[in-house]
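K.L.:
What follows is a structure written as structure tokens; I'll ask about it next.
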């Protein structure tokens with residue numbers, strides 16, 4: 001592109017400096033800075049739904065910048081015309097596959113339904129929504145010189161972009177707060193502690209509030225975005241512009257600053273405060289001796305989740321840093337339009353792609369850091385390729401079928417197996433009838449009517465224990481007692497996508 005600009009500048013200089021006879025005149029008109037003008041024109045023509053670069057509220061600046069005699073680099077001669085669509089195709093495929101699988105895992109696997117995973121589900125929904133509604137439209141910004149989708153999709157694209165950014169950054173802030181309470185003050189029910197109903201209700205309320213707040217922040221883009229026609233070299237360039245002129249000349253600057261504060265600076269400061277407090281607490285806890293081994297393991301697990309959330313925050317900060325740097329420079333630097341050069345042009349394109357790449361980065365990061373998500377992702381991925389052949393042979397598809405981890409069903413299967421062994425005269429398996437104490441009201445000691453024998457399962461006993469109806473090495477535990485113990489400690493059977 002730089003070579004094309006130099007060639008154009010040379011041709012224009014030759015046309016200005018020579019007359020029809022080929023001799024140089026005695027006095028030449030002043031030579032304009034053609035290179036800077038061409039960069040400015042490339043900036044204006046490639047305005048997009050996500051990247052309005054010119055404050056068109058000032059008609060004087062626009063008339064000085066866009067002239068009918070100055071050439072510009074056509075889209076077909078720009079490298080970003082071919083590079084950006086390829087990158088957006090990769091973002092679309094990875095984002096749909098990763099976020100879609102993440103949503104399916106959460107909805108299909110009951111053990112995944114806890115507080116941290118609920119926030120991760122909210123992130124995946126926002127990312128999948130912006131990938132489906134905005135990425136296909138935004139991929140053509142560097143391909144064609146006009147917005148071909150109409151005014152409605154212009155407003156919808158801008159709105160969904162702001163909603164997705166808002167849900168992402170607000171959810172990361174909520175996750176950081178949840179990790180703070182889980183590590184520093186684990187007795188409070190503001191985090192995923194045992195999957196309690198109160199924690200679940202509060203998590204759902206927080207997630208819904210985040211979506212409502214993000215929708216509220218995106219309403220200005222939905223209402224104000226419209227199509228704008230620009231005339232360049234007798235061409236009509238149509239762009240999707242989110243800052244209407246009738247809303248004031250400083251409206252664009254105000255929105256750029258507001259987006260930086262609400263969508264980036266303030267949430268990252270809050271997250272940083274949470275993690276500084278977590279680090280101080282962990283440093284203090286490490287100096288206190290005599291902790292129980294189980295508590296140490298629990299703290300380590302929560303610390304791992306906190307590190308994973310911090311990785312999501314770092315990815316978000318890196319992806320949107322060029323975005324805010326470019327916009328703050330362009331709208332608040334006094335000579336930004338005059339200083340726009342190759343460096344800022346490349347930075348603008350990189351920031352444009354990185355802002356959308358954030359929507360597919362979370363599932364990729366989660367796949368590498370979370371063994372639970374990696375296991376379920378591989379299971380569903382293999383299911384699509386192998387289920388057909390296995391079903392035709394009548395075989396059980398171990399990749400597709402979800403194994404029920406409930407201890408109740410496991411205990412029932414163990415009893416059926418031992419009862420079958422008893423029928424086959426295997427001595428190590430027995431069926432015991434327990435004595436039921438009947439009360440005068442016709443019930444047992446728990447107040448429940450029992451008309452059949454209570455089934456019991458063999459469990460290992462301590463050495464030297466004597467049991468009348470069982471081998472010395474075995475005892476029997478009632479099935480209903482096992483179920484009661486399972487319900488009293490459900491946290492052991494829950495998984496987290498962040499583990």
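Just so you know, glycine gets a Cβ as well, placed from its N, Cα and C.
So Swiss-Prot says this about it:
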- 1-85: topological domain 'Extracellular' (TOPO_DOM)
- 33: N-linked glycosylation site (CARBOHYD)
- 61: N-linked glycosylation site (CARBOHYD)
- 86-106: transmembrane segment (TRANSMEM)
- 107-117: topological domain 'Cytoplasmic' (TOPO_DOM)
- 118-138: transmembrane segment (TRANSMEM)
- 139-162: topological domain 'Extracellular' (TOPO_DOM)
- 154-240: disulfide bond (DISULFID)
- 163-183: transmembrane segment (TRANSMEM)
- 184-203: topological domain 'Cytoplasmic' (TOPO_DOM)
- 204-224: transmembrane segment (TRANSMEM)
- 225-259: topological domain 'Extracellular' (TOPO_DOM)
- 260-280: transmembrane segment (TRANSMEM)
- 281-309: topological domain 'Cytoplasmic' (TOPO_DOM)
- 310-330: transmembrane segment (TRANSMEM)
- 331-348: topological domain 'Extracellular' (TOPO_DOM)
- 349-369: transmembrane segment (TRANSMEM)
- 370-499: topological domain 'Cytoplasmic' (TOPO_DOM)
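Set these features in their place in the structure for me.
P.N.:
Confidence in the topological domain 'Extracellular' (1-85), given as mean pLDDT, stands at 47.
If one looks beyond the transmembrane segment (118-138) by at least 6 residues along the same chain, the residues whose Cβ comes under 8 Å of a Cβ in the stretch are 48-50, 88, 91-92, 95-96, 99-100, 102-103, 106, 149, 153, 156-157, 160-161, 163-164, 167-168, 171-172, 174-175, 178, 200, 203-204, 207, 210-211, 214, 312, 356, 358-360, 362-363, 366, 497-498.
A helical conformation is recorded for residue 154 (disulfide bond) in the three-state DSSP classification.
Listed as Cβ neighbours of the transmembrane segment (163-183) (distance under 8 Å, sequence separation of 6 or more from its ends, same chain) are residues 115-116, 119, 122-123, 125-127, 129-130, 134, 190-193, 206-207, 210-211, 213-215, 217-218, 262-264, 267, 270-271, 274-275, 277-278, 281-282, 299, 302-303, 305-306, 309-310, 312-313, 316, 320, 358-359.
Outside the transmembrane segment (310-330) by six or more residues, the chain places 53, 123, 165, 168-169, 172, 175-176, 256-257, 259-260, 263-264, 268, 271, 275, 336-337, 340, 344, 347-348, 350-352, 354-355, 357-358, 361-362, 365, 369 with a CB less than 8 A from a CB of the stretch.
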K.L.:
Relative to the Cβ position of residue 240 (disulfide bond), how many further Cβ atoms are located within 10 Å?
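P.N.:
For residue 240 (disulfide bond), the 10 Å Cβ neighbour count is 27.
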K.L.:
Relative to the Cβ position of residue 154 (disulfide bond), how many further Cβ atoms are located within 10 Å?
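P.N.:
I count 23 other Cβ atoms within 10 Å of it.
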K.L.:
On the three-state reduction of DSSP, what should I expect for residue 240 (disulfide bond)?
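P.N.:
SS state of residue 240 (disulfide bond) = strand.
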